[in-house]
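Lifted from TrEMBL, the feature list:
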- 249-395: domain 'GGDEF' (DOMAIN)
- 12-29: transmembrane segment (TRANSMEM)
- 35-55: transmembrane segment (TRANSMEM)
- 62-82: transmembrane segment (TRANSMEM)
- 88-105: transmembrane segment (TRANSMEM)
- 117-135: transmembrane segment (TRANSMEM)
- 147-171: transmembrane segment (TRANSMEM)
- 178-197: transmembrane segment (TRANSMEM)
- 203-227: transmembrane segment (TRANSMEM)
Amino acid sequence: MSAFYHRCRYFFLPLFFTSLLLAVTQYSLPKLQTWHSVIEQLPFWLLPVVMIIALQFNRSRLAYLALLLLAYCYFLDQSSSTTLFDRYPQQIFLAGIFTVTWFAFIKDRGLLSAHGVVRILGVLLCFAAAFAWIWGNTQYKSAIDNYLPSMITMEIRTLAPFYLGAMLVFVRGIWQANLVNTAIFITLALWAIHSLMPELLSVSVSITALAIVYILTVLTDSYFLAYRDELTGLASRRALYNLVLSLGRKYSVAMLDIDHFKKFNDTYGHDVGDQVLKLVASKISQVRGGGKAFRYGGEEFTIVFSRKDTSSILHFLEEVREIIEDYDITLRNEQRKQQTKAKRGKAQSQSKTVNVTISIGVSEHQHGETFEQTLKKADQALYRAKKKGRNQVCV
Ligand SMILES: Nc1nc2c(ncn2[C@@H]2O[C@H](COP(=O)(O)OP(=O)(O)OP(=O)(O)O)[C@@H](O)[C@H]2O)c(=O)[nH]1
């Protein structure tokens with residue numbers, strides 16, 4: 001999976017769908033008066049569900065955010081605390097920004113573990129920092145005004161942590177594109193919209209939307225975890241056996257194995273081996289002829305061609321084998337990062353190009369055969385390809 005495709009899938013797509021969800025809700029809400037009271041109550045029902053699901057799947061940051069949002073909704077609902085929010089709107093806003101930004105950079109480590117105590121202290125610290133920031137800016141206003149250019153107004157200074165936080169969380173979301181980071185960025189965006197432009201987005205709509213985003217994030221993430229191979233991004237063996245359930249009588253299976261990979265690992269190290277596995281996997285996933293690629297395990301891959309006989313797919317497998325054989329893999333110099341620019345040119349000329357090959361065994365499903373039997377035949381064909389000298393396709 002290319003980096004751009006990865007970022008679109010995990011960052012821009014969820015962002016787009018959340019905006020769409022909000023736009024549709026905001027647009028249709030005035031027409032659906034009866035839904036108003038339901039939507040107002042929804043955060044109180046959805047956020048506890050988010051917490052349970054997030055904890056079940058070890059997504060404690062989302063569980064914490066759901067808990068904080070629930071507390072926020074609860075206090076908003078109490079008329080006695082409304083005055084608190086009215087009195088300290090900037091502080092509450094900044095405390096939320098500090099908390100969400102901090103959450104973007106920590107790991108999921110359980111809710112009730114020792115880390116839980118640190119999280120609670122951290123949230124309290126975020127509140128203290130927000131109050132301190134506003135207090136400092138008000139208390140030393142004239143001194144700061146003298147020191148900074150006049151264009152940096154009090155308002156800009158007050159919102160500075162928000163600009164910085166938004167930038168950090170955005171970069172984090174793009175750099176390390178995954179659904180949880182995107183959900184955290186969406187939280188920051190909605191919190192800012194809700195606090196700075198309350199007339200644009202009501203609190204119950206934004207928090208309901210967030211709760212839906214959290215639930216979808218946790219469920220989709222867990223699906224990927226179960227059915228995607230983390231290293232290569234290919235579908236996993238579990239996904240292969242899921243596909244088997246929907247296969248008809250006619251299909252072909254190919255088993256692919258990188259040649260002499262142990263030697264490759266021993267020569268260049270396991271990390272380089274991992275990079276090569278990723279590259280080989282990306283080439284295998286581009287197989288034509290309707291083949292669906294899976295990482296079977298280790299350096300073994302499987303391709304399933306539904307509704308195809310062996311003779312019609314050999315050409316496509318041969319094509320994959322050739323693409324991998326001809327692909328020059330450049331091994332970067334390990335010390336490159338620490339080198340000065342001048343030295344890098346020299347290092348570039350030292351960087352090495354290597355090639356790997358794969359062997360492929362193919363078999364076609366026969367009447368009365370189980371998938372495992374067809375797979376075993378493909379494995380035996382792979383063994384023959386290895387015996388015959390590797391880097392070839394055997395039926
Ligand atoms: N880097 C890396 N290596 C892996 C991974 N999974 C399996 N391997 C290595 O793949 C190698 C497989 O070696 P073998 O099964 O002995 O076969 P081979 O060296 O590829 O030789 P032939 O298959 O006979 O051509 C082992 O050294 C494993 O450690 C992985 O995820 N990353």
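Just so you know, glycine gets a Cβ as well, placed from its N, Cα and C.
The structure displayed is predicted, hence computed values, not measured ones.
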Checklist entry - Do at least three CB pairs under 8 A connect the transmembrane segment (147-171) and the transmembrane segment (88-105), leaving out pairs fewer than 6 apart in sequence? => result yes
Checklist outcome for this item: Residues outside the transmembrane segment (178-197) whose C-beta sits under 8 Å from one of its C-beta atoms, at least 6 past its ends, are 10-11, 14-15, 18, 59, 61-62, 65, 89, 92-93, 96-97, 100-101, 103-104, 108, 162, 165-166, 169-170, 172, 203, 206-207, 209-210, 213-214, 217, 220-221, 224
Item to check | Candidate ranges 62-82, 117-135, 203-227 - greatest C-beta contact count to the transmembrane segment (12-29) (under 8 angstroms) | outcome: 203-227
Checklist entry - So what's near the transmembrane segment (203-227) in sequence-distant terms, Cβ-Cβ under 8 Å and 6+ beyond its ends? => result 14, 18, 21-22, 25-26, 29, 39-43, 46-47, 49-50, 53-54, 57, 59, 62, 65-66, 69, 72-73, 76, 178-180, 182-183, 186-187, 190, 193-194, 235-236, 238-239, 242
Next on the checklist: Looking at the domain 'GGDEF' (249-395) alone, can you tell me the average pLDDT?
Outcome noted: 89
